[in-house]
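Chemist: Quick one: this structure, given as C-alpha cells, is what I'll be asking you about.
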Amino acid sequence: ETLSVVGSWSGLPLHKEYEAPFWSETLPAASGGKIEVELTTHNQMNLGLGDIYPLLGQGVYDVAMTVGDYAVSDAPELEGLDVPMIATDAATARKAVEAARPMVDEIFAERFNSKVLAIAPYPPQVVFCNAEIASLDDLAGKKVRASGRMTAKFLEALGAEGVNVSFSEVPGALQKGVVDCAVTGAGSGYSAGWWEVSTHLLPIPLGGWDPVVTAMNMDKWNGLDADTQALIQSELATKFEAPAWDTAQGALANDIGCLTGQGDCTSGDKRSMTLVEASDADIAKATEILTSEVLPDWAERAGGDWKDRWNASVGAAVGVTIE
Amino acid sequence: MADQFIDRLRTLNRYVAYAVGVLLLACAAFVLADIVLRQLGSSFGGTDEISGYVMAIATSWGMAYALLELGHVRIDLIRSKVAAKGRAMFDLLSMTVMSATIVLIAVKCWPVVARSIKNSSTANTPLETPLVWVQAPWFAGWVWFALMSCLLTLAALVLVVQGKLAESERRIGAFGEQDLL
Amino acid sequence: MIAYIAAGLLGLLALSIPVGIVLFLLGFGVDQFFSSFPLIRGLGNMVWSSSNSSTLIAIPFFVLLGEILVRSGVAARTYAALDKWVSWMPGGLVHANVATATMFSATSGSSVATAATVATVAMPQAEKLGYDPKLFSGAIAAGGTLGIMIPPSINLIVYGFLTQSSIPQLFLAGLIPGLGLAFAFLVVTAAICVVRPELGGERRVFPLSEMMGALAHLIPIILLFTVIIGSIYKGWATPTEAASVGVAGALVIAAVFGGVSVAMMGEAILGTVKVTCMIMLIVIGASFLNFTLASAGLGRELEAFLGGLGLTPLSTILVIVLMYIVLGFFIETLSLMVVTIPIVVPLVVELGYDPIWFGILMIVLIEMALITPPVGLNLYVVQGARKSGHLNEVMVGAIPYVLVMLAMAIALIAFPSIALFLPEALS
Ligand code: NA
Ligand code: NA
C-alpha cells in the first residue's frame, strides 16, 4: 500500500521534527513494510491554502495535514476549533481540541469527504510589539499584523487595527512603525529575528494555537482493512499526536526564555525582550470580548446548531459560554 | 467571410481588453488611495485581497485578446523554415491543441465555482467576500477564452481550406501584424 | 521523469505550440504517466490560486508603467539624453541601449517590460544610423534583463514570497550586482567594438553644453525611481504596492513632461493586457506543471540525485548553477523559478548558504535564461520590435552578454559580499 502524503509547512518544526520522521520512517517500519509513503508538503506543491482539504476530498492525494483554519472558507463552523485566547497553556488547548474532535470529524466527513486521523498543535500565536504595552487593553489603537478571520475580528473588537503584512516583511514593518505589533509563533519570531525590532512580548495566544489537522481521503480510508486502519490510528496517536502535544508547553517556555532571557533557552542566544505577563484582568477582558462579540458573530456565520454544540463541548472544556 | 469573422472577433476582444485595462487602472487607483489613507491613519483594509481577485479576473478575460493579437509566445525555429502550406499546418495544429487545452481548463474551472456555491464559501479574511462573486466572473473569462479559441480555429480552418494561406498566417501565425511588416 | 519533461518540452515547442499550453500538456502527461492519482482534478484550483495573486498584479502595473513612458515620449527623450553621454565610447549608440535599459530597470520590475520599452525607442535609431543589427539588438535584450536585478523586481518579489525572505533586503542585495552587470556590459561592448569597429556605429562626441542640457531629460526617470523605491523604504508601500505607485508616478510624469491623452492611454492599456496575459498563461501553466511534478515526486527525485552525488556544498552549488543554465535554455523564467525554488532553496539553506545571496545568484541565472535560445522571452520581445531581419541575429548578438552574466555568477559564488554587502551594511 503506497500512501501519497501532503505535509504542512516544510520549514516549521512540526513538519521537520514530527511529520516527516513519522510518515517516512515510523509508520512504514511499524507496518512491517506493508505501507509505503510518498511525502511532500503543500508549500512544495504550491497549493492554495484553501485548496488543501478540498483536493484531499477529491482524491488528489491520500493524506493531508495543515492548519484547520485554512479551510474555514468552505466550512465556517470549523473556526470554532481555534478560538483566540481561550487556552493559555498547552494542556487546556489540548482539552479544547479533544472536546472539539467529534465536531471536527463530522465537518471533515461532510465538507471534505475525509477522515480525521490526528490533530496536533503549532506553537501558540503570540504578540510581539515594538511599543510599550502592559496589558491586552494597550493593543487598542495599535496597528497589529495578524492572520485569520477570527483573530482579525477579535482585534477589531479590541479596538486595534488589523494590517496585512507578509511574514517576511514583518521585521521591516515593525522597525518603521508600519505595524506596532505582530502575531506569530514564539519560535518562528525568535528564529526570524523579530526580537531585533520589537521590545515587548505578550506570550498569550492571540492567534490561537493553529491546530494542524491530519486527515485521509474517506474512500481511501474505507478501502483499508480494519487492521491497517487500527495500526495507522494507534501509531499516529502515540507516536505523532502525543509527543507533539507533550513538547508543546516546554517548547513555548523555552522560546519565551530565549526571547526574554527569563528562563532556559536551548535554541540559541538569550535575548532581552520585556516579558508582559498576562493578568487575570486580561483574560477576563478577552473572555468578555469573545462571548459578547466575536463568538456570537461566529455562531451566526456557522449557523445551524453549532453554537449549542460548541458550548456543550469546547465551551464546557474551557469554561466559556456563547450567549 | 471567415477573415471578416475573425476581424469581428478582434474588434470585440479589443473592447474586452479596454474593459480589462480600466479594471486594472481602477485597482491601481484603489491601492494608491489606500496607501495615502494609511499615511492619514486610516485604511480601507483588504486591498491585497481585492487586487488578487482583480488579477484573476483580468487575466482570464484578457487571454482571448492576447490570442487574437498573436500575443501568446510560440517558438518558430522549425516552423519558419518550411513553406507557406507547412506553416499553415503548424498553425492549425497549434490552434487545435490550444483550443482543446483551453476548453479542458474551462471545464475544470467549474468545480471550483461549484464548490463555492455548494459551501457558500467566503474568504478567510475580515471582508468575508463570498467567493462565488469573484469566481463566477473569473470562470466566465475562461469560458470566453475557450469559445474565442474554438471559433478562431474553425475560421482559420476555413481560410486554409479555401487556400487563403496568407490570410490565415496573418490571423493565427507566430507573430503579430506589426511584427511582420 | 526529468528526461520525459525535457524531451516532451523540446518536441512540443518544436511543433510551435504556444509555450504556456506546452506546460499544461506536460502537466497532463505527468498526471497520466507518472502519478496514480487524478491530479487533473486540481487543475481548476491551480488556475484560480495562481492567478488570484496580489503579488502578480505587479506585472500588469510595471508593463503599463513602461507603456506610458514610451507612448508619452518620455522614454525616447531619456534615450536621446543618454545617447549624448555615452556615445563617445567605441560602439556609440549601443552603449545608449545598455544605459537606457539600466535606467528603466530602476523603475520597472520586469525584464520583458524593460526590453520592450528600450527596443521600441532604440530600434528606429539603429536602422537610421546603420548599426550592426546583431550587437545592437543583443545589447537591448541583455540590458533589458537588468529589469529584474536592479530594484524593483517582480522576480525578487516572487522569490521573497516563496522563500519567506525579506523583499527589501533582496532589493538592496540586487543593486550592486545589477549596476556591476550594467558596467560590465558597457566594457564588453566597448572591447568588442575596439576589436571589430564595424560592429559599432559612429562614435559621436557632443559638446559639454549639450550634455549638460540633456541631463534635464533624465529627471523624470530619476524622479520615478525615487518615488517607487522611496515608498518602499519609507514603509509607505509594500514592494508590490510600489508598482501602483509607479503607475501613478508615470502618469504624472507623462502629463508634465510629455502628454497624456485618451488615445495614448488606450494604446497603453491594450499593450499591457496583451503582454500580461502572454506572461500569465505561462505562469499558470507552470504552476499546474509544478503541482503535478511535486505530486509525482520530482522533489524526491532531485534530492536523491543531488544527495547521491555526495558532493561538497560548493560543488552542489555548482551543479545547481549548471542545472539552471541548462533548464534556462528551455523553460520560461518565472516558471523556472516557481518550479524550482521550493525544491532547491531549502537544500541550499541547509548547506549553510544565505537565502538572500542565493536569490541574487538565481536572478543572474534567470537573466541568462531570458536571452538564451530557444526559449528566451527577451529575444522575442526585441525581435518583435524590429522591422526586418531574423531572430538568429538577436541570439548571436546576445552571446557576449551571456558570457558576462556567467562571469557575474562565478564572481557571486567566489565573493558573496557583492550581493550581501549592502543589506548587511544598511540593517
Ligand atoms: Na527593476
Ligand atoms: Na532561455
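The backbone N, Cα and C atoms fix where each Cβ goes, and this holds for glycine too.
According to TrEMBL, the transmembrane segment annotation covers C:7-30, C:50-70, C:135-158, C:170-195, C:215-236, C:242-263, C:275-298, C:304-327, C:359-382, C:394-422. Under the heading domain 'TRAP C4-dicarboxylate transport system permease DctM subunit', TrEMBL lists C:8-417.
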Chemist: With pairs closer than 6 in sequence left out, are the transmembrane segment (C:242-263) and the transmembrane segment (C:7-30) joined by 3 or more CB pairs under 8 Å?
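Modeler: No, since the transmembrane segment (C:7-30) and the transmembrane segment (C:242-263) share fewer than 3 Cβ pairs closer than 8 Å, they do not count as touching.
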Chemist: Counting only CB pairs under 8 A, let me know which of C:170-195, C:242-263, C:275-298, C:394-422 has the most with the transmembrane segment (C:50-70).
Modeler: C:242-263
Chemist: Honestly, do the transmembrane segment (C:242-263) and the transmembrane segment (C:275-298) touch, with at least three Cβ pairs under 8 Å and pairs 6 or more apart in sequence?
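Modeler: Not in contact, no.
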Chemist: Residues of the same chain, at least six outside the transmembrane segment (C:135-158), with any C-beta under 8 angstroms of its C-beta?
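Modeler: Residues packing against the transmembrane segment (C:135-158) from afar: 55-56, 58-59, 62, 91, 93-94, 97-98, 100-102, 104-116, 118-119, 122-123, 126, 167, 170-172, 174-175, 177-179, 181-182, 185, 189, 192-193, 199-200, 228-229, 232, 239-240, 242-243, 246, 333-334, 337-338, 359-360, 363-364, 366-368, 370-371, 376, 378-379, 381-383, 386, 393-402, 404-405.
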Chemist: Restricting to the same chain and to residues at least six past its boundaries, which positions have a Cβ under 8 Å from a Cβ of the transmembrane segment (C:170-195)?
Modeler: 86, 89-92, 94-95, 98-99, 101-102, 105, 135, 139, 142-143, 146, 149-153, 156, 159-160, 229, 232, 239, 356-357, 359-360, 363-364, 367, 400-401, 403-405, 407-408, 411-412, 418-423, 426
Chemist: State, in range form, which of C:215-236, C:275-298, C:304-327, C:394-422 has the highest count of Cβ pairs under 8 Å to the transmembrane segment (C:359-382).
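Modeler: Ranking C:215-236, C:275-298, C:304-327, C:394-422 by Cβ pairs under 8 Å to the transmembrane segment (C:359-382) puts C:394-422 first.
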Chemist: Given a Cβ distance threshold of under 8 angstroms, which distant residues of the chain, six or more beyond its ends, lie next to the transmembrane segment (C:275-298)?
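Modeler: Contacts with the transmembrane segment (C:275-298): 1-2, 5, 18-24, 26-27, 30-31, 34-35, 37, 39, 42-43, 46-47, 49-51, 56, 59-60, 63, 112-113, 116, 331-332, 334-336, 338-339, 342-343.
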